[in-house]
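**Student:** Here's a structure for you.
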Amino acid sequence: MAQAPWDSLWLNGSLATMAAGGAAYGAIEDGAIAVADGRLVFVGRRADLPPGAEDRAASLHDLGGRWVTPGLIDCHTHLVYAGSRAREFELRLQGASYEEIARAGGGIVSTVGATRAASLDQLIASALPRLDALLAEGVTTLEIKSGYGLTIESERRLLQAARALGRRRPVDVVTTFLGAHALPPEFSGDGNGYIDHLCASMLPALAAEGLVDAVDVFCETIAFSLAQATRVFEAARGLGLPVKVHAEQLGLLGGAALAAGFGALSADHVEYLDEAGVRALAAAGTVAVLLPGAFHMLRETQRPPVDALRRFGVAIAIATDCNPGTSPVTSPLLMLNMACVLFRLTPEEALAGLTRNGAKALGLSDRGVLAPGLRADFALWDIGHPAELAYALGLNPCHAVVRAGEPRPPRAPF
């Protein structure tokens, strides 16, 4: 009986499969990858390929001795916005704190004004260069949050822009509604009133339009309380939407544990997370998403509790947190380095945070690891060892990217 054909076969490379529990990086030397219908159908040693494998493939590709990793997954971005907050950067360098700037009307609210004034086309055009920078460093899936509109019309426009970016470029975009990002001017002094409006009108309408894949809340003393976050999570649960949270960045409030109680996909930032919060994440299977770009830009000193996260088996993801105020970063490779240097992750842990655990933070079980049956999303790297991705700064060693089995336009011919 004839075997089913393969669309492509990739030979002569080393594979960092990022499979858990085996060799470091899940490494396979002299590896081979076979693809059919956008899925991986063989991942292993070339010597273990079945007889006639090369004749079975419609196309053969020589990896040229390069390393191959899963496509990178940036699980936390605010990629769509208008305006700049470079002036706030200057103010922080002069001693102003993030909280002081926010309470004085800067921060998120200042971006809201510029974003509300931008058209859909303008939002897409401004985000495309940021997206292209991520793609150039091997990203095949990313999350994009709303949260810079804070009215139903402008939040809709942000989510529509995010969806459009996924059509304009060869990348999968997961959308997150972050209407509970800051208090809009129209509801000044009335946080509960805004949450009423968000839960009763904004979220149901946008979810009904198919624009929302998940729901997030900024749960901090300068943003929304535990009680307000609870109401948003309950509304999301009622609509069948998963939740996540910005929590424990500026102090210990309990937002991460609260979100874990709702089975949250992730709790993000978590610099001030305590052991009880870590235990809650572990019990719920909630991912801790570390954001070293914001930590660096805000010159924070309280590091996330990495040792406790390891001890209790909490999956650790990392992301760019690309946003105009606290992490204007479009380099996932830089985040690998920062996660190691600032948070003391190992290079392998950091890479797992941008692959396997990044996928988990988005609720995606079909990617993030090179394994048969999963999506054929992978990146080719001109490196001698996977640790070089976190080690070297400035050069981009990404040779090419394959998404759903289809090569994206490479920087160099195969």
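Every residue gets a Cβ built from N, Cα and C, even glycine.
As annotated by Swiss-Prot, Zn(2+) binding site applies to HIS76, HIS78, HIS246, ASP321. Residues or ranges marked as Fe(3+) binding site in Swiss-Prot: HIS76, HIS78, HIS246, ASP321. The 4-imidazolone-5-propanoate binding site annotation in Swiss-Prot covers ARG85, TYR148, HIS181, GLN249, THR326 and is backed by sequence analysis. If you look up Swiss-Prot, you'll see TYR148, ASN323, GLY325 marked as N-formimidoyl-L-glutamate binding site.
Describe each of these features in terms of where it is and what it packs against.
**Tutor:** For HIS76 (Zn(2+) binding site), the same-chain residues lying six or more positions away in sequence with a CB closer than 8 A to its CB are GLU143, LYS145, SER266, ASP268, VAL289, LEU291, ALA317, ALA319, THR320, ASP321, ALA361.
DSSP assigns ASP321 (Zn(2+) binding site) to coil, not to a helix or a strand.
Note: ARG85 (4-imidazolone-5-propanoate binding site) has non-local neighbours GLY106, GLY107, SER110, THR111, PRO324, GLY325, PRO328, i.e. same-chain residues 6+ apart with C-beta under 8 A of its own C-beta.
Cβ-based neighbour count (10 Å, all protein chains) for GLY325 (N-formimidoyl-L-glutamate binding site) stands at 26.
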**Student:** Between the Cα atoms of TYR148 (4-imidazolone-5-propanoate binding site) and HIS246 (Zn(2+) binding site), find the distance and write it as a whole number of Å.
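**Tutor:** HIS246 (Zn(2+) binding site) has its Cα 15 Å from the Cα of TYR148 (4-imidazolone-5-propanoate binding site).
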**Student:** Identify all same-chain residues not among HIS76, HIS78, HIS246, ASP321 whose C-beta atom falls within 8 angstroms of the centroid of the Fe(3+) site's C-beta atoms; report them in sequence order.
**Tutor:** THR77, LYS145, ASP268, HIS269, LEU291, ALA294, ALA319, CYS322, ASN323, SER327
**Student:** For the binding-site residues HIS78, HIS181, HIS246, which one has its C-beta crowded by the most other C-beta atoms within 10 angstroms?
**Tutor:** HIS246
**Student:** Filter the binding-site residues HIS78, HIS181, HIS246 down to those whose C-alpha lies within 10 angstroms of the C-alpha of ASN323 (N-formimidoyl-L-glutamate binding site); answer none if the list is empty.
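**Tutor:** Checking each Cα against ASN323 (N-formimidoyl-L-glutamate binding site), the hits are HIS78.
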**Student:** Taking the centroid of the Cβ atoms of TYR148, ASN323, GLY325 (N-formimidoyl-L-glutamate site), which other same-chain residues have Cβ within 8 Å of it?
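**Tutor:** The surrounding set, listed in chain order, is HIS78, TYR81, ARG85, ILE108, THR111, GLY147, PRO324, THR326.
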**Student:** Taking just the CA atoms, what is the gap between HIS181 (4-imidazolone-5-propanoate binding site) and HIS246 (Zn(2+) binding site) in Å?
**Tutor:** 9
